[in-house]
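According to Swiss-Prot, the protein carries these features:
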type    : residues : note
BINDING : 4-34     : FAD binding site
MOD_RES : 308      : S-8alpha-FAD cysteine
């Protein structure tokens with residue numbers, strides 16, 4: 001049997017692509033080395049931020065606005081436990097922060113609902129937060145956070161119900177191209193399709209070693225926090241930049257536990273075995289202390305944590321491009337620790353590719369050729 005589309009890697013982007021391509025009427029095979037959602041990639045840990053006024057660059061704003069529309073649509077499948085929670089996101093940092101300047105510029109260019117607060121305004125609205133006098137806050141009222149594992153589970157179930165074939169716990173070991181399309185090799189045999197999407201996350205280089213993607217071990221952890229830090233008390237999700245440039249992110253507390261992580265740093269790794277569990281690297285448990293001590297001093301001790309992996313590109317911008325020499329294979333990789341919020345729209349882009357539709361977005365900034 002020859003499929004219209006084979007998806008290699010069915011985590012965040014792959015799960016979305018499987019659903020949108022199947023819904024469009026294509027004959028699709030989703031594959032994954034594990035059983036998604038799982039703990040081996042970049043999507044576990046329950047929650048991920050979604051920010052609209054994008055500090056990483058204005059080029060992402062059209063993508064994230066479309067992503068938000070798709071998240072809202074997906075959330076309607078889980079109204080009792082919504083996938084998107086509009087908690088708002090407060091971006092904290094020094095007034096001269098380049099990241100915050102980008103946030104402000106994105107908001108201005110796209111007329112986004114962002115409120116600027118000085119240090120006193122921040123602390124008056126959220127007494128739990130402490131910042132120096134030279135800090136500002138840019139509050140995105142329409143942003144919030146996503147339930148990442150629930151989203152993937154929902155997409156996979158919807159795709160299955162729509163007739164998508166799914167081959168999980170079965171790694172793809174090789175990809176071959178010929179005039180008839182794409183063939184993948186697995187322990188279960190070979191499968192063929194007209195087109196393929198490669199969104200295999202951190203270990204994409206096991207299949208395509210020439211790609212400029214660097215795996216980095218990262219951690220996040222949950223700390224004691226009472227109801228003052230909850231959504232019910234209107235405590236927001238947040239990003240925060242310390243004076244030394246370190247970047248942190250976090251979420252409102254749930255069940256008396258507040259999740260926080262450090263975006264920069266981490267440990268470069270070269271195999272899955274090197275991604276050791278949380279607390280096996282000495283700095284894991286204390287990584288968030290500089291932020292907690294200075295910005296959220298009322299937060300208690302570390303309860304537990306987890307390790308995940310970033311698939312970093314050299315400039316930490318996405319790679320969305322066809323495989324060189326093979327226009328029937330689309331790469332979506334190098335998401336560099338800020339990709340989950342875009343999973344919905346990237347899945348839609350993948351489905352459009354499989355249908356020979358031109359993308360509605362300017363994907364030029366994400367081409368591989370920028371590294372040549």
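Counting starts with 1 at the first residue shown.
Backbone N, Cα and C atoms are what each Cβ position is placed from, and that goes for glycine too.
Structure coloured by features recorded in Swiss-Prot.
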residue	record	Cβ neighbours (10 Å)
4	FAD binding site	18
8	FAD binding site	26
12	FAD binding site	32
16	FAD binding site	31
20	FAD binding site	27
24	FAD binding site	17
28	FAD binding site	28
32	FAD binding site	28
308	S-8alpha-FAD cysteine	22
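When the binding-site residues 4, 8, 20, 24, 32 are compared by Cα distance to residue 308 (S-8alpha-FAD cysteine), the shortest distance belongs to 32.
Taken residue by residue with DSSP, residue 24 (FAD binding site) is part of neither helix nor strand, so it is coil.
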